[in-house]
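Per TrEMBL, these features apply:
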- B:107, B:149, B:180, B:181, B:182, B:183, B:188, B:267, B:268: ATP binding site (BINDING)
- B:111-297: domain 'ATP-grasp' (DOMAIN)
């Protein structure tokens, strides 16, 4: 099919910042797009060709949305997979495939998938109800501290909690969940794997992530990771193994732990462009959004190497601020060389909400990392 | 003013490919935009916040369009300057300033400006009517060959003709024009100067242009130009001199000739993002479109250096093809490393129409230039 000059239509479920950045690429190639999101203020509302207001978890809404598109993709995992399966049966190319999405959507299923395929991951227990956790602790089946994760619909650090004592169990949502052994790690890493519908596979360099301890959100993403080459190779091999078995098409972002003894464990995966790949817009030969489009359209994959070292800083809403957003000191960071802010266009800020990101690129990694620190110190996302 | 989170509104006159690429940047920074263009199929119609159908040369249309914007810019010079002057009087920030635009819009005025300011340019004659050229030739005031240029509204090689004999004068538009001495040159060069409303000035590296001999359109733009460092410095100095005297704000693309004896002559200028700067999207720390936005908003200018060598190939409609466009072999060029096509989204092709461009980046300039040749040979813009 000739995507560049025909009646081809690409559907995107979700109209947030990832969708918005995907739309830069569809605009660049003049690919016709149709986006669905539940919010009339969705960042994607402009720049797509058609915008549909609708609930991504609603079977009928997703089914109706997908009927007239040729290829359907997502920018968020929390979508109605039953509708995607139906659309796939009806001949729509759904990437990531519903089967892979189902495995990923439920964290318990995801963990079982790792075990079934002999992919290294932290030990875990599965609970149909959160109330069962307390029993397990009491009868010695589970030891503090551990990580609680909701099986469904975690996003941006929601649905994850570190449990250090019995009191921490109070107030957890009642539903299906897993608990994971706390991993002592040197680094959190990520590898983005691109797989095209024609079967071509490429990996991006391993990136290193620094998390904000309270918000459980990434604070810096550093590409390439400042790790031993052997560890980087191992991380890429593990990511490729996940990619191979999970049956995705498009991007797969694989988050990993590098443990104290340099074992690589899979933390979790996302079958789409990912925060850990935002640096690629400024640093890579082919950015992750263009790569996702290439992959789902079956076009040749682009070069994943970097032109320069890149560090990405998330712009999240400051604590104590809620309301109309102001990007304090953005002019100061614009005066720094190789610094590019991205503003997602959400009008309201709240603590830890992802409002944008800033990429810092430099020929020298040390310099880029140093500047990222300054960017982080200068800019803040506050309310008016 | 806080452009990133307030009621600020940016107006753009013209909704073609340059406007479309400007909109990537306003989207990146969530800047509210309003665009006017005469065509309902304008590439800018989506991705701006408001689109207004209107004739850019119509006083009332431009005046009405500009009344509610805070900053007004252009993506094409052929706009009604009287309306811009009125808007400026009323307090709208118009960049480039109408005065500079008036000088540039009329090629005779532009040439007089160079002479008045002692800026080197090819010798020329000015004619109120094209019919006067014949008289001048007959009485020995003008010698073949020379270049005829319409004083008003040249674009994409229209309004320019090489005149080698009397017959070539037949069929020229009757209006005001200039004739220029043919320059024997080694290279055609260009320098983009950015000047912010707060007075900051930066230049991009000198680029080298190869023109298609018949279409009089750029075929390759090569950054950095493969010229002597001294010549590059001279080219930058001349460009800065033009910038200083012409009173622009925003980008100024200065096209230059490097003559056989390494004299630098100004050919012509454009007060906006320019074809000779498209390479910057993939190759530069700050692309020309972001830089134009920075400049007209009075934000700090970004770094103009390149991360990698870049070569840009224009995608123009093939001869003998008119109608619904097809980008033949685009998949083959997508398979080449560091190659990024941009499709402007014009649905109909015609001979020499600018339909897109392709950027080729590489650490090695020789390799980039070699690949550009292959890109040029492979892809063609044809009709169905």
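Cβ from N, Cα, C; glycine included.
Keep in mind the model is a prediction, meaning the values are calculated, not measured.
Annotated features, which come from TrEMBL, shown on the structure.
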residue : record           : contacts (Cβ under 8 Å, 6+ apart)
B:180   : ATP binding site : B:122, B:123, B:124, B:146, B:147, B:149
B:182   : ATP binding site : B:145, B:146, B:147, B:162
B:188   : ATP binding site : B:208, B:209, B:210, B:211, B:255, B:256, B:257, B:258, B:267
B:268   : ATP binding site : B:107, B:110, B:255
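Classification of residue B:107 (ATP binding site) by DSSP places it within a helix.
The average per-residue pLDDT of the prediction over the domain 'ATP-grasp' (B:111-297) is 93, rounded to a whole number. According to its DSSP assignment, residue B:182 (ATP binding site) is coil. Residue B:268 (ATP binding site) falls within a strand segment according to DSSP. In this record, ATP is bound by B:107, B:149, B:180, B:181, B:182, B:183, B:188, B:267, B:268; the longest C-alpha to C-alpha distance in that set is 19 Å.
In the shown protein chains, 23 other C-beta atoms lie within 10 A of the C-beta of residue B:107 (ATP binding site).
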